[in-house]
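What follows is one structure encoded as structure tokens, with my remarks underneath.
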Amino acid sequence: MASLFEQPRRKARERTSRDGNVHSSPLGSGIHPSIPGGEGGIAPLQLYADVVFDRPLDQAWTYGVPEHLVGLVGVGKRVAVPLGKGSRETSGFCVGLRETGPPASIQVKPVLRVLDDEALVDEHLLQLTRWMAEYYLCGWGQVLHAVVPAGVREQAGTREVAVVEVPPAAEQPEPFPALTAQQRAVWELVRDSGGAMELRDLLRQGRCSAAVVQGLVKKGLLRRYRRRVERAEVQEAVAEAAEPPLLGSREEPRIVLNGDQQRVWGQLEAALQVGGFQPFLLHGVTGSGKTEIYLRAMEAVVRQGRQVIVLVPEIALTPQTIARFRQRGNRVAVLHSHLTDAERGAHWRRIAAGEVEVVVGARSAIFAPARKLGLIVIDEEHEHTFKQEATPRYHARDVAVMRARLAGVPVVLGSATPSLESWWNAARGHYTLLSLPKRVEARPLPQVRIIDLRHEPNKGGAISMTLAAAMERALRQGGQVLLLLNRRGYSTYVHCSSCGHVAQCSHCDIALTFHRCRNALLCHYCGWETAPYQRCPACGQASIRYQGLGTEKLQAEIAEKFPGYVCVRMDSDTTSRRGSHEGILEAFRTGKIQILLGTQMIAKGLDFPNVTLVGVINADVGLHVPDFRSAERTFQLLAQVAGRAGRGDKGGVVYIQTFTPDHPCIALAARHDYVTFAGQELAQRRQHRYPPFEHLARLIIRSEEEAAAAQFAQTLAGALQRAAAVVDRQSREGGTAPPGELPGPPPPLRILGPAECPIYRLNNYYRFHFQVQSPDRGRLQNVLRRVLGTVRPPAAVEFQIDMDPYSML
Ligand SMILES: Nc1ncnc2c1ncn2[C@@H]1O[C@H](COP(=O)(O)OP(=O)(O)OP(=O)(O)O)[C@@H](O)[C@H]1O
Ligand SMILES: [Zn+2]
């Protein structure tokens, strides 16, 4: 990001966006040799505004503030300004105000209008979003645009009303003017209301016409202006949403912390009392009572009159946790994905006004405008849903740690299976490790048995005889069963037994999944859908076979094998409606469902004491995807789902079916041994130079024209090499090395690629990627910044940078 408090000094040239768009030069925008519609400009200027736009521009443009806008413009508000050669009116965020402008030879375009009455973002959020733009290599304006909800920008849920009030005595006319009886009555009505009164109400209550009020305004006895107010129905909806949900609404008895919890709480409490930035990693095995620690911390911060932000992987999947927050928090705002723009806007305003003490939400809640922030909590910090897969491609956990640092408050990352990044940060002392090594009330972790599918008779179904017998037993004893299969649909691929043809998406290099409920073949990546084939499209034979196991087929098998029990499937096909997750989980909690099967969504954070058996149908799904995190993800999923068993007095067991029982991530998950797994996996990562030991960026090039994508990938390869050489030279010569770079010879930058992405064609785009790695993040970013400044993809090609990528497909 160019310095904000400087003019963009670059020469006019076209700049390349991260999204493949071309933007006009600095000289074509804020600073302009001639002022539209005016001679000699708007001088003398005394105030200048720095403005950023929702574009991948790495700098702010300077505009002059005309006199009539001086009192209205403000940092954190949006302004409308002329941008580009055509001076097209464009809105942007004002990120700085200053009194010195550019040299007199350069004339400056004026701010046209100020769009907001109040700042949409405060100083903290400005700093945070600026950091994000630099870290994730995108435009500051893009980040601001993404983090301020549309409902806030558009002031959804509010309306502008006319209000009147009595001016202060000193400003009232002397002597008091003569009034008609009606005028006097109306005036007294306003005076006695003790403040501003909505004009509409005044007309009704005073039974008068607007002319009467206008007369009073003219005489200087009333002041009339416009003000924004919340629409009543939105207020009601937001207040209603604050009611505790049905699930878990029973009052909880006050819990007495056990020894481990007391030790952990003691450390945290001290940090909260002292205040200041302090990051904690709370590693507690499943069912160790981490949530209770969050609740104590939350209560302590609220008592200090400060606000808490709690991030959860997904609201719909954590109804129990949320219910517990609501029971203990006085004023809790839950930001879920089904809010309307107006509701989201209303929450934002309530949070900013300090009317909310606890904000709970998924990743975007990290931008909640809590001005009195006292603590950030991230539950299940290892979850991949915290990473946003569109610009700005941020990771909410990392943003949270930075926000806590900027705000000078503690941050708690909690998980039974921490990400290796966080674990490593704790190991090297960047985070303080807090451990809860045992389950509450001395409950044992469930025993895990591995079923080796290579040798296990299964009579043709997905459920082995061993697992079937265990389910039978558990159900007979009145327990409930949870079954994990991380693949939705009925058959996961469809092929021709004559010629071997596999049904593929027309738009992606992806095998289609057969969904029996919809009687359709579906692409899980782009959503393309087609009718099931009667004959092979390649050879014409009627020899279509449906193969591979999905949750739908598993459900059919269970219905057949366990006819007396209610079995419900929970995956994204059955939970698309608002409230459907909660409905299923509530039915399971109350025992109306005996067998719950589903994808990874059943593995998350659920606390059902009557689950005595957890079965993993195929632990190997996801283990062989080309991604350096596949072992970590598999371990996390298995350990988490295993942790759903035996949380009550009845105890519990776990059965894991696998073809690779000796794989460390499966064997160690079966032993609940996170620490050994993390140690071994970190050693692997170090050896292969993967995160967290090196910083990684993924560059993705995509185009519907295969040759264009391939060609630009080659161009980029050259540009990367050249940029790396320049940055090397600069850091050798010293002086120009940006802060954060170490003295001495620069560490090697590793550039892998270009290569075809594992899913080469996706949504009609042909895709290539690079992996660029360095132990020095500053250097990596400098090289990429330089590349962005020098190469421009042709019109048909898009180019994206993903810092700290989580998807490698
Ligand atoms: N000290 C305690 N004594 C008794 N019960 C407790 C105590 N602390 C917490 N609990 C209860 O234990 C259960 C599990 O706790 P909690 O859900 O916080 O576990 P967790 O560590 O978050 O687990 P997971 O990582 O599996 O989600 C809850 O029902 C909670 O009320
Ligand atoms: Zn597709």
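Just so you know, the numbers here start at 1 and follow the chain as drawn.
Just so you know, glycine gets a Cβ as well, placed from its N, Cα and C.
Database features (TrEMBL):
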REGION    1-35  region 'Disordered'
DOMAIN    271-436  domain 'Helicase ATP-binding'
BINDING   CYS496, CYS499, CYS536, CYS539  Zn(2+) 1 binding site
BINDING   CYS505, CYS508, CYS523, CYS526  Zn(2+) 2 binding site
DOMAIN    531-697  domain 'Helicase C-terminal'
REGION    727-748  region 'Disordered'
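Here the binding-site residues are CYS496, CYS536, CYS539; the one with the fewest Cβ atoms within 10 Å of its Cβ is CYS539. Long-range Cβ contacts of CYS526 (Zn(2+) 2 binding site) within its own chain (separation 6+, distance under 8 Å): CYS505, HIS507, CYS508, ILE510, LEU762, ASN763. The Zn(2+) 2 site is defined by CYS505, CYS508, CYS523, CYS526, and by the 8 Å test on Cβ atoms against their centroid, the other residues of the chain that qualify are SER506, HIS507, ILE510, LEU512, HIS524, TYR525, GLY527, TRP528, LEU762, ASN763.
For CYS523 (Zn(2+) 2 binding site), applying a Cβ distance below 8 Å and a minimum sequence separation of six or more within one chain yields CYS505, HIS507, CYS508, ILE510, LEU512, THR513, GLU529. Each of the binding-site residues CYS499, CYS505, CYS508 was assessed for Cβ neighbours inside 10 Å, and the highest tally belongs to CYS505. Annotated Zn(2+) 1 site CYS496, CYS499, CYS536, CYS539; additional same-chain residues within 8 Å of its Cβ mean position, judged by their own Cβ, are SER497, SER498, GLY500, HIS501, PRO537, ALA538, GLY540, GLN541, SER543. For ligand 2, the binding-site residues lying close by, meaning a CB under 6 A from one of its atoms, are CYS505, CYS508; the full candidate list was CYS496, CYS499, CYS505, CYS508, CYS536, CYS539. Under the DSSP three-state reduction, CYS496 (Zn(2+) 1 binding site) is assigned to strand. Per-residue confidence over the domain 'Helicase C-terminal' (531-697) averages out at a pLDDT of 92.
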